[in-house]
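Engineer: Annotations per Swiss-Prot:
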| type | residues | note |
| --- | --- | --- |
| DISULFID | Cys43-Cys302 | disulfide bond |
| DISULFID | Cys54-Cys226 | disulfide bond |
| DISULFID | Cys80-Cys113 | disulfide bond |
| DISULFID | Cys178-Cys188 | disulfide bond |
| DISULFID | Cys208-Cys247 | disulfide bond |
| DISULFID | Cys242-Cys271 | disulfide bond |
| DISULFID | Cys363-Cys370 | disulfide bond |
| CARBOHYD | Asn56 | N-linked glycosylation site |
| CARBOHYD | Asn223 | N-linked glycosylation site |
| CARBOHYD | Asn338 | N-linked glycosylation site |
| LIPID | Cys480 | S-palmitoyl cysteine |
| SIGNAL | 1-19 | signal peptide |
| TOPO_DOM | 20-459 | topological domain 'Virion surface' |
| TOPO_DOM | 481-524 | topological domain 'Intravirion' |
| TRANSMEM | 460-480 | transmembrane segment |
Amino acid sequence: MVPQVLLFVPLLGFSLCFGKFPIYTIPDELGPWSPIDIHHLSCPNNLVVEDEGCTNLSEFSYMELKVGYISAIKVNGFTCTGVVTEAETYTNFVGYVTTTFKRKHFRPTPDACRAAYNWKMAGDPRYEESLHNPYPDYHWLRTVRTTKESLIIISPSVTDLDPYDKSLHSRGFPGGKCSGITVSSTYCSTNHDYTIWMPENPGPRTPCDIFTNSRGKRASKGNKTCGFVDERGLYKSLKGACRLKLCGVLGLRLMDGTWVAMQTSDETKWCPPDQLVNLHDFRSDEIEHLVVEELVKKREECLDALESIMTTKSVSFRRLSHLRKLVPGFGKAYTIFNKTLMEADAHYKSVRTWNEIIPSKGCLKVGGRCHPHVNGVFFNGIILGPDGHVLIPEMQSSLLQQHMELLKSSVIPLMHPLADPSTVFKEGDEAEDFVEVHLPDVYKQISGVDLGLPNWGKYVLMTAGAMIGLVLIFSLMTWCRRANRPESKQRSFGGTGRNVSVTSQSGKVIPSWESYRSGGEIRL
């Protein structure tokens with residue numbers, strides 16, 4: 001199992017820094033050719049990345065990334081939104097009380113948000129009480145407004161920490177980024193003007209638990225450190241390394257994309273912004289296991305080809321292709337020139353696409369230029385075909401040709417409502433829907449008759465009202481009687497003038513009104 005661990009790390013180190021597995025390895029440096037005997041052929045050592053001259057090994061401790069470290073470092077936090085609930089009451093003349101609730105926003109302070117979060121996490125009843133609607137106050141024939149401020153805590157709110165600059169990333173932040181938590185700034189602004197984001201753990205230090213301490217052997221030549229053998233037994237060269245900080249920790253980014261923190265006496269330049277670190281997840285670990293099996297299979301094929309060469313005492317271009325080094329590093333290259341077996345020292349590099357080494361027809365790119373051929377023969381079984389095309393007799397396995405994108409992070413368990421822009425930015429400052437679910441329902445309510453009197457006062461008022469009602473009824477009846485009395489008298493005198501007649505002494509009937517009009521004297 002240990003050789004397997006040593007086997008795949010160099011290959012995957014170079015491949016993962018590009019996000020793809022290499023399909024081939026080819027020398028970027030090729031030494032002079034020299035003739036050799038058939039017995040000098042050997043299968044390459046794909047277990048280690050060899051470096052020249054560094055034979056002095058001494059134990060030391062270093063720091064590296066944890067196994068299974070993923071690209072997105074999760075930082076748990078919470079959002080805090082300030083909400084003002086306003087109760088407006090109006091009491092009319094007869095005592096009916098109408099209450100209307102309204103909600104608006106205000107920008108909270110970090111200290112108040114931290115206190116509210118601690119209350120919520122501790123189960124303190126003060127947090128739930130702070131969310132209740134205000135108890136409305138009221139006065140007769142007046143409008144009274146009662147307000148109450150509440151802090152809505154929504155947790156968890158998970159953000160991603162960038163290990164390179166310690167910035168925080170979330171769709172809830174303006175522009176998707178927050179510069180980070182510092183001593184002077186303990187919160188992040190959000191897309192919502194009245195909501196701030198704060199980490200669960202107070203303080204300027206953000207969680208960055210991605211490192212582990214390991215022990216290995218330092219490979220040096222005099223005072224110069226060439227590389228080291230990690231605790232898994234794999235040699236790693238410091239050639240081409242650059243300085244890079246992760247979560248504020250200074251370390252070295254190696255050429256294979258791995259990162260270590262170790263002390264060196266050599267001055268190393270800083271990495272350019274595009275130089276990142278290989279970030280492995282569990283999916284890539286599964287692929288690496290399959291790559292190990294494939295490389296072991298290639299090792300067996302190389303040994304079979306070497307055994308066939310020794311047995312038959314003959315060499316072919318196809319058999320020479322099995323002797324190629326499969327991982328980046330120092331090795332040998334073989335070819336046949338004019339029926340003579342030739343060998344050269346070579347330093348191999350990874351190839352991502354065939355266009356890198358075959359940019360045009362008939363060109364095999366080695367060391368940045370087209371490599372010359374001898375009678376149509378290059379090396380490691382690569383030849384020039386009759387049609388002028390470069391023919392490579394073998395490729396890496398189909399598994400190594402897959403262009404697999406590594407999983408970036410685990411799934412966030414909760415999608416914070418601020419991540420959806422449609423939930424915010426209403427017109428005005430009315431409370432948005434995403435906080436309404438965390439508050440009691442508000443509604444318009446109308447109370448019964450209530451003038452603010454005690455129970456005995458209510459009965460006194462009812463009795464007085466009844467007495468006043470009786471007095472009004474009696475007064476109305478009396479007024480009606482007095483109004484009808486003169487009308488009845490007028491009817492009794494004026495109503496007989498037309499119908500009553502008088503009789504004179506002579507017996508003649510004379511109408512009474514006519515006697516008055518004629519001025520006659522009537523004697524009764």
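If you go along the chain as it appears here, the first residue is 1 and each next one adds 1.
Every residue, even glycine, has its Cβ placed from backbone N, Cα and C.
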Engineer: Just the number: how many Å between the Cα atoms of Cys113 (disulfide bond) and Asn338 (N-linked glycosylation site)?
Structural biologist: 82
Engineer: Round to a whole number and give the Cα-to-Cα distance in Å for the pair Asn338 (N-linked glycosylation site) and Cys188 (disulfide bond).
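Structural biologist: Per the Cα atoms, Asn338 (N-linked glycosylation site) and Cys188 (disulfide bond) stand 72 Å apart.
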Engineer: C-alpha of Cys43 (disulfide bond) to C-alpha of Cys54 (disulfide bond): distance in Å?
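Structural biologist: Cys43 (disulfide bond) and Cys54 (disulfide bond) have their Cα atoms 22 Å apart.
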Engineer: Of the recorded positions Cys80, Asn223, Cys226, Cys247, which one sits closest to Cys271 (disulfide bond) when you measure Cα to Cα?
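Structural biologist: It is Cys247, whose Cα lies nearest.
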Engineer: Can you tell me the CA-to-CA distance separating Cys247 (disulfide bond) and Asn223 (N-linked glycosylation site), as a whole number of Å?
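Structural biologist: Between the Cα atoms of Cys247 (disulfide bond) and Asn223 (N-linked glycosylation site), the distance comes to 30 Å.
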Engineer: Among Cys80, Cys226, all listed as disulfide-bonded residues, which has the most CB atoms within 10 Å of its CB?
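Structural biologist: Going through Cys80, Cys226 one by one, the largest Cβ count within 10 Å is at Cys80.
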Engineer: Do me a favour and check the Cα-Cα span between Cys370 (disulfide bond) and Cys188 (disulfide bond); whole Å is fine.
Structural biologist: 54
Engineer: Out of Cys43, Cys363, give me whichever of these disulfide-bonded residues has the highest number of other Cβ atoms within 10 Å.
Structural biologist: Cys43
